[in-house]
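Copied over from TrEMBL:
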type     : residues : note
TRANSMEM : 37-54    : transmembrane segment
TRANSMEM : 74-95    : transmembrane segment
TRANSMEM : 107-128  : transmembrane segment
TRANSMEM : 140-163  : transmembrane segment
TRANSMEM : 184-205  : transmembrane segment
TRANSMEM : 294-315  : transmembrane segment
TRANSMEM : 327-344  : transmembrane segment
TRANSMEM : 356-377  : transmembrane segment
TRANSMEM : 398-417  : transmembrane segment
TRANSMEM : 444-463  : transmembrane segment
């Protein structure tokens, strides 16, 4: 799909090569048939920037980090925003399909690349920047992660788009729901995904389970603990069906060992900050939990399907007012539905479980944020205000790997003087940001904004100047 410009390099391109346009692409560009939607690039760049912000500053500012369990903080919007963007990009990329088998082949290849990089970056092989080690024990490799979830959603939605779309898009009728009727199959798949997820979540019996504490820093290391459940339909941390499915299919040793629930009030007195566990902390506080697990990733497909719907609106609706009316009304409806489900205690907002209310709230928020960028950039032509975000969005995979996953910081930290903590990065944090503001919280926040997000924004802008993109 690299030859389809509307694909817009969404967060999954991976090829450090400069690809000049082919002759037919040059002709289409000359005729104005291939025009990037700048607001989508900027929205993608914002999402990558948010990921860097919440990952690197969330420890000092837990209010922007992931909610320990129920609720929705700033960090909890990142994953759904990515999936929403992937959905929009899929609709644009497959606006025309000349060879279905070739398109399917490219989708499968891209999915495999995503899975490979997901395992490499989040499987445990690459460690935190201050851990000057690498390698992973295959007995404890983490099978799931951000890119793996994107790979699943992308594969499902792209195949639906390919198998149900005609070579030339049909015109719409004048009815209000005409676009939903035109892509009826997408909503059927979405309904099936929701039914399977809800039936499994509320219908699966969760028995008692045991695990061995793997944290070497814990006084209980090596101790076997039992979690009492014997329930059905519970959405609490220890006894939900999402965790049960992952323990059975993935194996408990292949799940994420530092889940956000460790910062909950039941586990630590420092909640929502991290801290030592309470003396009366329940056994599940010590257990792993996979926030990008199997059942929650099935539910995450809904976020991508909603993104595809917004991409279809962009394709078929030709004027700004019509597009915005559909986007804003749909976004507000989703937001209101999700908030209502949460505050009536029908279905809580929960990123770890990827509940239906969470899908609605985050997708609605994505719709409204994208609409705002569309107004500012594509209608009011204020694109220059968001150039660093646009550059990041056009080279999203590079910035994700180097900044969000800490690969560049890990490389820099590998060059130290006398002590592994005596590095350039630690020196910049301490002397340029923390000491100047006499506050670690403020210093770290400013360091992330200026020395990471803006730094990589300008690096991406420099690469864009020479048409260099990391594509997948």
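Cβ coordinates are placed from backbone N, Cα and C, and glycine is handled just like the others.
Annotation: stretch 140-163 has the most Cβ pairs under 8 Å to the transmembrane segment (294-315), among 37-54, 140-163, 356-377, 398-417. 107-128 is the stretch from 74-95, 107-128, 327-344, 356-377, 444-463 with the greatest number of Cβ pairs below 8 Å to the transmembrane segment (398-417). If you look at the transmembrane segment (107-128) against the transmembrane segment (140-163), you find at least three C-beta pairs under 8 angstroms, all six or more positions apart, and that counts as contact. Simply put, out of 74-95, 184-205, 356-377, 444-463, 356-377 has the most Cβ pairs sitting under 8 Å from the transmembrane segment (327-344).
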